Amino acid sequence: MASIAKKATPPGTDDVTIGRREAAATTEDWSGEESKPKKGSVISLIRPENATKSTTKGIQYMPRAQTRHPLDPLSAAEIVVAIATVRAAGATPEVRDSMRFVEVVLLEPDKQVVALADAYFFPPFQPSLLPRTRGGSMIPRDLPPRLARLVVYNKKSNETSVWIVQLSEVHAATRGGHHRGKVISSKVIPDVQPPMDAVEYAECEAVVKEYPPFVDAMKKRGIEDMDLVMVDAWCVGYYGERDAPSRRLAKPLIFCRTESDCPMENGYARPVDGIHVLVDMQNMVLIEFEDRKLVPLPPADPLRNYTPGETRGGVDRSDVKPLQISQPEGPSFRVNGRYVEWQKWNFRIGFTPREGLVIHSVAYVDGSRGRRPIAHRLSFVEMVVPYGDPNEPHYRKNAFDAGEDGLGKNAHSLKKGCDCLGSMKYFDAHFTDFTGGVETIENCVCMHEEDHGILWKHQDWRTGLAEVRRSRRLTVSFVCTVANYEYGFYWHFYQASWKIDCTVI
């Protein structure tokens, strides 16, 4: 299961020093709407009172322990609260029933809020991230409330809207859906369509396979069993006014499996070409159909399936001996919630349904220079696959696998001993489904150490003496499948550098 950030232990005097020769720290309450800071400097987030007004000289005010860092992904409870809040804001029961929830994610805060949290609310407590101010050290009592960003599709009106909902710890953790959040803003975005959902994919496939002319077209190609037929809904893209986003349209592609009893049958090896289909996804109606050309089906390839060699008439390798990875003293990394420390590197693990793995606040502890910020936010924001074939229907196949399908929503639940080796740390992810429920992918992010050969070596040619050091790297990864594409994303942190690899199968 995902690690939930543990309640932070207030820093001691060694961590946060309040000058006893100066006025005591002034606390700040963010509970009121009028107390929210405007965008600006870190100072504006603290806004201390005049130190001379304080009557508590020499007293050290400890920050209130926070349970969720401002950059932590939304918990399942927070997603429930956000959805309940938006539903309650619907003007009528009809509007509420028409809402479909495409995405519910954390609205990431400004850098100033992150610096404030890392300085006083979460270990390793780094007050040096904030500038010193006149009148002594100032410690706020609370962080600004967490916000959720929701993309909502109204199936009845065919409108897409973006909502911002304010959450709080008490809403999400203790009262669940009984105590809703607060709508900060909502806006209808004209002339757009949000990504299609797996629910729509399934409905589209059923509609097409039940259409009598389509069934007849399959029979002309020798396909009698409709259970073998696969219908993949593709976004129409934009090639003219007929494709205008005022309608929610899909142009499905057709494939056919050859075995009904093989759970790992690769139906994508046998495309069914020559058929034009257009589906209205809002009303789930097939609006155009044309059997244009009788294209022969590709022959069944015995190596097409993702199954062991014995089941395909072949033989698997038998000359690979077991390789054991052992760390008897455990891994060298340390994890506190989603905060990771390893070999002078430190960062936070995030996750979104669109991008998948997100790495926040990457920094390196550089000797006397202290903590050096390296990157504020790292992720893959898009993965585009342009097919480049000028023939129908392939010229339309320009898959935006992140924006249209979601790399994170299609992430795998990783398995110990196969996806990762050694001493692993896993992280879960929570998403909304199309109707407003919550789905959890367990173990969708894996973190582990790997031996990486020689870091450096030198031998003195006069004495024959040598020194050598092994290299080690920390790998943070996730794997997803979009239709017939597997994507493996691997972020590598080295003792001397870092890099990212993306593997596509």
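The backbone N, Cα and C atoms fix where each Cβ goes, glycine too.
What TrEMBL says about a protein is an automatic prediction, not a curated fact.
Record features (TrEMBL):
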{"type": "REGION", "residues": "1-41", "note": "region 'Disordered'"}
{"type": "DOMAIN", "residues": "194-297", "note": "domain 'Copper amine oxidase N3-terminal'"}
{"type": "REGION", "residues": "300-327", "note": "region 'Disordered'"}
{"type": "DOMAIN", "residues": "323-496", "note": "domain 'Copper amine oxidase catalytic'"}
{"type": "ACT_SITE", "residues": "ASP401", "note": "active site, proton acceptor"}
{"type": "MOD_RES", "residues": "TYR485", "note": "2',4',5'-topaquinone"}
{"type": "ACT_SITE", "residues": "TYR485", "note": "active site, schiff-base intermediate with substrate"}
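This prediction places the mean pLDDT of the domain 'Copper amine oxidase catalytic' (323-496) at 93.
In terms of DSSP helix, strand and coil, the domain 'Copper amine oxidase N3-terminal' (194-297) has 30 helix, 26 strand, 48 coil. TYR485 (2',4',5'-topaquinone) falls within a strand when secondary structure is assigned with DSSP. In the three-state DSSP assignment, the secondary structure recorded for ASP401 (active site, proton acceptor) is helix.
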